[in-house]
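The annotation 5-phospho-alpha-D-ribose 1-diphosphate binding site is assigned in Swiss-Prot to ARG37, GLY38, ASP90, ASP91, LEU92, VAL93, ASP94, THR95, GLY96, ASN97, THR98. Per Swiss-Prot, Mg(2+) binding site is recorded for ASP91. Taken from Swiss-Prot, the feature GMP binding site applies to ASP94, THR95, GLY96, ASN97, THR98, TRP136, ILE137. Among the features that Swiss-Prot reports, xanthine binding site is placed at ASP94, ILE137. Feature annotation from Swiss-Prot assigns guanine binding site to ASP94, ILE137.
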Amino acid sequence: MSEKYVVTWDMFQMHTRKLSERLLPATQWKGIIAVSRGGLFPAAVIARELGIRHIETVCISSYDHNQQGNLNVLHAAQVKNGGEGFIVVDDLVDTGNTARAIRELYPNARFVTVFAKPAGANLVDDYVIDIPQNTWIEQPWDMGITFVPPLARK
């Protein structure tokens with residue numbers, strides 16, 4: 001990855017609330033399936049905004065911080081009718097590998113992400129922000145606030 005896109009908590013909240021608006025009316029949804037781990041954060045915001053209390057998870061491992069590896073389904077939420085009436089939420093669709101596995105598990109769910117890269121954008125039903133394919137996203141939950149020394153030292 002040659003570029004980085006740093007997401008602050010404020011940006012994340014704003015983008016996720018925008019995504020939530022697109023999911024109204026809330027009464028059409030039975031619940032949310034959050035893709036662990038990155039989808040847990042936007043799922044919490046969407047659940048709050050839409051008043052949804054039923055939250056399931058699907059746990060898929062494919063990243064080791066900044067390297068994508070083999071896909072491994074660790075846990076899949078058991079919902080009826082291919083996820084009909086559920087919103088599947090992830091933070092990002094990148095290459096589409098995870099998204100394809102999600103689509104197989106929940107073909108009738110509404111699949112949304114906050115961010116999308118070109119290789120996977122067509123695999124989700126909605127997203128808010130386009131990200132170039134060669135860009136690494138630094139999510140706020142992966143960062144900490146630290147002291148940065150001034151440029152001019154005395």
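Just so you know, glycine gets a Cβ as well, placed from its N, Cα and C.
The structure displayed is predicted, hence computed values, not measured ones.
Taking the features listed in Swiss-Prot, we show where each one sits on the structure.
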residue	record	contacts (Cβ under 8 Å, 6+ apart)
ARG37	5-phospho-alpha-D-ribose 1-diphosphate binding site	none
ASP90	5-phospho-alpha-D-ribose 1-diphosphate binding site	ALA34, VAL35, GLY38, GLY39, PRO42, THR98, ALA99, ILE102, PHE111, VAL112, THR113
ASP91	Mg(2+) binding site	VAL35, GLY38, GLY39, PHE41, PRO42, THR113, VAL114, PHE115, ILE137, GLN139
LEU92	5-phospho-alpha-D-ribose 1-diphosphate binding site	GLY38, THR113, VAL114, PHE115, ALA116, LYS117, ILE131, ILE137
GLY96	5-phospho-alpha-D-ribose 1-diphosphate binding site	ALA119, GLY120, LEU123
Quiz prompt | Listed binding-site residues (THR95, ASN97, THR98), ranked by Cβ neighbours within 10 Å, top entry | solution = THR98
Quiz prompt | Number of other Cβ atoms within 10 Å of the Cβ of ASP94 (5-phospho-alpha-D-ribose 1-diphosphate binding site) across all protein chains | solution = 25
Quiz prompt | Inter-residue Cα distance where the pair is ASP94 (5-phospho-alpha-D-ribose 1-diphosphate binding site) and TRP136 (GMP binding site), in Å | solution = 10
Exercise. Using only the Cα atoms of ASP94, THR95, GLY96, ASN97, THR98, TRP136, ILE137, which the record gives as binding GMP, return the largest interatomic distance in Å, rounded to a whole number.
Key: 17
Quiz prompt | Where ARG37 (5-phospho-alpha-D-ribose 1-diphosphate binding site) sits in the secondary structure, as DSSP reduces it to three classes | solution = coil
Quiz item: Around ILE137 (GMP binding site), how many other C-beta atoms are within 10 angstroms of its C-beta?
Solution: 21
